[in-house]
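> Supplied in structure tokens, the structure appears directly below.
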């Protein structure tokens, strides 16, 4: 089965088609054999993708898709691509054939799937875009969400509070500042492997640059080695001649951060200046005329929280001290994957993740103590206090169960100059999506 067919199948199921072919297959496998609510292990793939592969393989060897699930559901909105006729043929998973035919047409179509010799028939009806989407759930059955081009626009939270709404970039992003207003536009993205992203069918860095017209792009988790950097530079975006990279020296193909800019910075530095923290390529700092910009990939506390103590007692305080020192000369913009969902609004299932890396009380307190309490502002939350907007989704858990792990934090001195702080959930290619900042100068 081709990558394009895999993506079409996942879109039909309402799952973001992100990642390499192996990850797309795993996502479809997990979807078909889904047996858990699953939110509490959402970061398992992020910490060790091999664990997920093993679990999914075992699951697919022992389970089959059973029962009939029939539902006449509707589409909330169908994009131009999804309006075209699509057919996904056969997918072989661990020797089991699943035949999925997905066609979007003006009239009701029948779809069939064959798994372990048993047939599951699915029926969908195309409806007007103002009808809310629905989900089918039944014991021992596959849960089949209706295909949606914009699932993030529907509030997804295990325990939403009164007044919370879903983030919708089409309606919540602000127009650019008026003519003759100077500003800088910065994007930040955990790409989860840059080489894989650039090879991804359908992804174009040039198209992203054309669409967003950003001045600076910050990357995290590039997973590059030093020997890869020069060749990668050649395949990047025209017009962005200034790029600065740092790679992990202790574990090849791991971590890595970068800043790519069409504005030439005054100076660039790498790391925090502390050898214990600087071997994994987690920080690049660029100095511009009116601010410092940091692209940062904060260490994950890991399976079993094995790096939690290091994270909260060493890394976070060192990063906090570093940016406060920079701030003595000019304001600071800190962006990247900070690996912490700070508040309950920032995670789909807070109750189920109290001891999950990224949402422990220790990490959340450290986030407050080392950054927010020291005068740095979470720009997205300041602009959108009651908005549920995620930036990370595990491959195993569908389109809506997310975390907000990626941030733009800025010095209080320039917080009121932030014109827009936004999320781009429609940009595929990673298990994270890009985030953006527009700062008036």
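Cβ from N, Cα, C; glycine included.
Bear in mind that TrEMBL entries carry predicted annotations, made automatically and left uncurated.
As annotated by TrEMBL, domain 'SAP' applies to 1-32. The Mg(2+) binding site annotation in TrEMBL covers 190, 221, 337, 339, 431, 432. Per TrEMBL, the feature active site maps to 297. Look at TrEMBL and you will find 337 tagged as active site, proton donor/acceptor. Taken from TrEMBL, the feature site 'Transition state stabilizer' covers 339. The site 'Important for catalytic activity' feature in TrEMBL is assigned to 406. Per TrEMBL, active site, proton acceptor is recorded for 432. If you look up TrEMBL, you'll see 432 marked as site 'Interaction with DNA substrate'.
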> Same chain only, sequence gap of 6 or more: which residues have a CB within under 8 Å of the CB of residue 221 (Mg(2+) binding site)?
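Counting only residues 6 or more apart in sequence, the Cβ neighbours of residue 221 (Mg(2+) binding site) under 8 Å are 190, 191, 192, 193, 255, 256, 257, 297, 337.
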> Can you check how the pLDDT averages out over the domain 'SAP' (1-32)?
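Averaged over the domain 'SAP' (1-32), the predicted model reaches a pLDDT of 71.
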> Expressed to the nearest Å, what is the distance separating residue 431 (Mg(2+) binding site) and residue 406 (site 'Important for catalytic activity') at their Cα atoms?
12
> Report, in whole Å, the straight Cα-to-Cα distance of residue 406 (site 'Important for catalytic activity') from residue 432 (Mg(2+) binding site).
8
> Of all the recorded positions given, 337, 406, 431, which residue's CB has the most CB neighbours within 10 A?
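The most densely surrounded of these recorded positions is 337.
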> Measuring Cα to Cα, how many angstrom lie between residue 406 (site 'Important for catalytic activity') and residue 339 (Mg(2+) binding site)?
7
> I'd like the number of other C-beta atoms within 10 A of the C-beta of residue 339 (Mg(2+) binding site), please.
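Counting Cβ neighbours of residue 339 (Mg(2+) binding site) within 10 Å gives 25.
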> Starting from the Cβ of residue 190 (Mg(2+) binding site), draw a 10 Å sphere and report how many other Cβ atoms land inside it.
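Residue 190 (Mg(2+) binding site) is surrounded by 26 other Cβ atoms within 10 Å.
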> If you draw a 10 Å sphere on the Cβ of residue 432 (Mg(2+) binding site), how many other Cβ atoms land inside?
25
